[in-house]
């Protein structure tokens, strides 16, 4: 089974756009790709969710939102408030396993960060990654505060024996400040490896073909792109 779990250092760091970028590159290589959102929160009935954005950006139609709760809260809390059933970890892992049996790649995008709770028992995205034996890609912000958030996420991964697939900056500003530029070096130091990619701010607003080109330039070869961390970092040496 080829599954990749995409998490973030928090909410709003660009997980969905990064998930779409990975999916777009695999889809362009004619791989069978499925995208799974275990729980969508903060979106009401009939409104567009994260998997809809992925579909629009990539053309991938094999997308699966497994639960939806209207309140913009952690999945466990949102489920409790809505009165609806929370996501069950074992059922979720089984569904992803079934998808993976006939797909080349299954992308699993979490809600919020790695340790956000999905049910009253405290199951997290980290637990799902462990059950799936899937590597975890960490999406982080570019600027001030990113280092601590990233360090905490990486420490949580290591403590649980989970494999790190890489660290990607989800939204790089057009005019990066000093913190952003310095973080390029420090994020790599935390991860003990080059950055796996840097997506430009606004990438999620692009048309499909433009998005594919940006995805290719913004993700490392292991994720299907041409991004070279050293070359990118050299542009912003401080």
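Quick reminder: no glycine exception, Cβ is built from N, Cα and C everywhere.
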Looking at Swiss-Prot, 16, 50 are annotated for Mg(2+). Which of 109, 155 sits in that same site? 109
So which other residues, same chain and not among 16, 50, 109, have a Cβ within 8 Å of the centroid of the Cβ atoms at the Mg(2+) site? 6, 15, 19, 20, 35, 37, 49, 51, 53, 54
Measuring Cα to Cα, tell me the gap between residue 201 (ATP binding site) and residue 109 (Mg(2+) binding site) in whole angstrom. 19
A 10 Å Cβ contact count, applied to the binding-site residues 12, 14, 112: which residue has the minimum? 12
